[in-house]
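Enquirer: Take this structure, written in structure tokens, and hold onto it; I'll ask about it next.
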Amino acid sequence: MSIKETEEGIMENEVGERGDDLSMKSFLWHGGSVYDAWFSCASNQVAQVLLTLPYSFSQMGMASGVILQIFYGFMGSWTAYLISVLYVEYRSRKEKQNVNFNNHVIQWFEVLDGLLGPYWKAIGLTFNCTFLLFGSVIQLIACASNIYYINDKLDKRTWTYIFGACCATTVFIPSFHNYRIWSFLGLGMTTYTAWYLTIAALVHGQVEGVTHSGPTKLVLYFTGATNILYTFGGHAVTVEIMHAMWKPRKFKYIYLMATLYVFTLTIPSAISVYWAFGDQLLTHANAFSLLPNSPWRDAAVILMLIHQFITFGYACTPLYFVWEKVVGMHETNSILIRAVTRLPVVIPIWFLAIIFPFFGPINSAVGALLVTFTVYIIPSLAHILTYRSAYSRQNAAEKPPALIGGWRGAYVVNVLVVVWVLVVGFGLGGWASMTNFIKQVDTFGLFAKCYQCPPPRPHH
């Protein structure tokens, strides 16, 4: 059975499941359309990183910040396209062998295993799981960092405990099919926050004696650059999002469309906040910390908190799937049994968020050491190796677009991505972000109670 026939079958099943009863539950819960995938990609791409991009601009300057956002945005869209092509290739080959995926969610490491063998499976699994683990950690740190600007009676570490418990409830969301309403709301929340940052910074105007001295140090420049690389490397969950689609073949340009929308959020907000506050951002990784108290800011903080809960679910759900497969519970239909099975995944995430509460610097470290390989280098190399023979190119489920020069063009782009990301992202970025990260550990210590908090105000 071909993937096309399977897609048609899935569509029939979905319609059959819903029948004439287009209930509110099916409307909110059963998402598998092109629009659902677009909302998932766009919502997942910008979460708390929106708040750290002005910090990156202060490290590297306005021009570099804008140019690298566009550059990494298109590079990320290219490698997301490669991942989608490899998924379709893997699924087509498996379905020719009559493999059924009814109760099984295909994941990136399984695609690598099926196309390139067990070594690639191990590499994919290691990088993907570690990246998603730290991606979840970052969401918890961000929750604590944000809520502190509304309520500073509790320190950020205590807030991390509280939000760890809240985020643990994502164990009840079975798969990416069930994120329809969440991804829709999530994108609305980041859109509000981005435009709040933009307008609030412009209304506030430039602070007295504002300076825009970036870039001043190579360490800061490449730390900022890897945070931007991290921003557009949010497609570690591409395969799971595709698998939740009724027609996965339609995915290939969705990520690019999502990225173009994300540019309208990230570029204006980062430019205006950096214009207003300049070098003050070097010691304020969270843009909320510099904007004055107002109901608008409180609304943005609350919306970002809810969005971070959603993004935590996005990052954690693939980890839940991996763990379910390890313990043999992945094909269980009971939501309750699966939820209980998933709980051990949340505990190390909670613990790591308490050890390394460095909002901002941790993004760059994860970007340089994990995102570089997970979503840029590994997909590019996997594409080259999967289609290295004339036979595999001739029988490919998806051929590269003529726009980039067919197979030869795709090969050249892949090699350029690998070399650039290895040298600039992993090499220079790794050196810079780890230097900065170690500096934070030396300054604030592990288990820091309240990272980058202002001195406590007297409570009357």
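All residue numbers here begin at 1 and follow the chain in the order shown.
Glycine is no exception: its Cβ is also placed from the backbone N, Cα and C atoms.
Owing to the predicted nature of the structure, the values given are computational and were not obtained by experimental measurement.
Heads up, here are the entries from TrEMBL:
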| type | residues | note |
| --- | --- | --- |
| DOMAIN | 30-423 | domain 'Amino acid transporter transmembrane' |
| TRANSMEM | 66-88 | transmembrane segment |
| TRANSMEM | 125-147 | transmembrane segment |
| TRANSMEM | 159-177 | transmembrane segment |
| TRANSMEM | 184-207 | transmembrane segment |
| TRANSMEM | 219-241 | transmembrane segment |
| TRANSMEM | 253-277 | transmembrane segment |
| TRANSMEM | 299-323 | transmembrane segment |
| TRANSMEM | 335-359 | transmembrane segment |
| TRANSMEM | 365-388 | transmembrane segment |
| TRANSMEM | 409-432 | transmembrane segment |
Enquirer: Cβ pairs under 8 Å with the transmembrane segment (219-241): which stretch of 159-177, 184-207, 299-323 has the most?
Expert: 299-323
Enquirer: Cβ pairs under 8 Å only, please: of the recorded stretches 125-147, 159-177, 299-323, 409-432, which one is richest in them relative to the transmembrane segment (335-359)?
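Expert: The listed stretch sharing the most Cβ pairs with the transmembrane segment (335-359) is 159-177.
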Enquirer: Which stretch, 66-88, 159-177, 365-388, tops the Cβ pairs under 8 Å count with the transmembrane segment (253-277)?
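Expert: When the Cβ pairs under 8 Å are tallied, 66-88 comes out ahead.
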Enquirer: Which bits of the chain, at least 6 residues beyond where the transmembrane segment (184-207) starts or stops, bring a Cβ under 8 A of a Cβ in it?
Expert: 39, 42-44, 46-47, 50-51, 54, 264-266, 268-269, 272-273, 275-278, 280, 287, 291-292, 294, 296-297, 299-300, 303-304, 306-307, 310-311
Enquirer: Do at least three CB pairs under 8 A connect the transmembrane segment (409-432) and the transmembrane segment (125-147), leaving out pairs fewer than 6 apart in sequence?
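Expert: Between the transmembrane segment (409-432) and the transmembrane segment (125-147), which are separate recorded stretches, there is no contact, as judged by 3 or more close Cβ pairs.
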Enquirer: Same chain only, please: residues at least 6 beyond the ends of the transmembrane segment (299-323) with a C-beta under 8 Å from a C-beta of the stretch. Say none if there are none.
Expert: 40, 43-44, 47-48, 50-51, 105, 107, 109, 125, 128-129, 132-133, 135-136, 139-140, 142-143, 146-147, 149-150, 163, 166-167, 170-171, 173, 175-176, 179, 182-183, 185-186, 189-190, 192-193, 196-197, 236-237, 240, 288, 330, 338, 341-342, 344-346, 349
